[in-house]
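If you look up Swiss-Prot, you'll see 12, 13, 14, 15, 16, 17, 18, 19, 20 marked as ATP binding site, on the strength of similarity to another entry.
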């Protein structure tokens, strides 16, 4: 954690919706004139798309059916921890990009599925923003959660998460439902060991809960819409949270526990704006006072 160079992480599984949350942060940063450095968790994978395919096939041939990107072994978490440590101390650090598609390939002049070269973060940023799988992971060797000043978990109920992943991967990556199902099953042990425990470390969790039947996510024809959902917002430490204000500002919201508020799904962006803006500005105020 750092007063002069704060770090925000948004962590969630593949298909959880962390990219949408990132867009909300971008809106807040733009409105409040906060200059952020953005880092994606994909860029800290240990292997590129083609290396990973070969390794998965080799591991499967050995009988390992659970070789996945969710594991610390397939990610450069030591480099991510070093980035967090360096940024907290100096406001800089080394990062790279992972090139997802043809559009990014043109932007970074790198083949899709590959990494760009390592480079230094731009000087003079106010905040480091990380979005990915491992922002709050804690293992016997590493504690990434300790470096972040604000940790956000994006955690749809698991059937909804799977529906979102299946539809996204089919639409953008050309996968079949069977392909995505195999991926989900392969990742499950690492999901339980390394993804779920992070949501105990996060300061705020946003959990979307559908109000329609998602009993069999592998045959769902549509992703439940925000109007067909509620969102449970859970605070690790509810002290200082103005719940009466939130209840008055978000129509049809209610408290389900002393540290949790439930809102209509179509109010999630508004809730994030109301909740996160003061927290970000508090970090910026601390930064300014520290000189």
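Just so it is clear, glycine is given a Cβ too, placed from its N, Cα and C backbone atoms.
Keep in mind that what you see is a predicted model, and the values were worked out from it rather than measured.
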For residue 18 (ATP binding site), the three-state class that DSSP assigns: helix
Which of 14, 18, 20, the listed binding-site residues, has fewest other Cβ atoms within 10 Å: 20
Env. residues of ATP site, Cβ within 8 Å of mean position of 12, 13, 14, 15, 16, 17, 18, 19, 20 Cβ: 21, 154, 156, 161, 164
Distant-in-sequence Cβ neighbours of residue 12 (ATP binding site), under 8 Å, six or more positions away: 18, 21, 133, 153, 154, 155
Nonlocal residues around residue 16 (ATP binding site), in sequence order (Cβ under 8 Å, 6 or more apart): 154, 155, 156, 161, 164
Structural state of residue 12 (ATP binding site), classified by DSSP into three states: coil
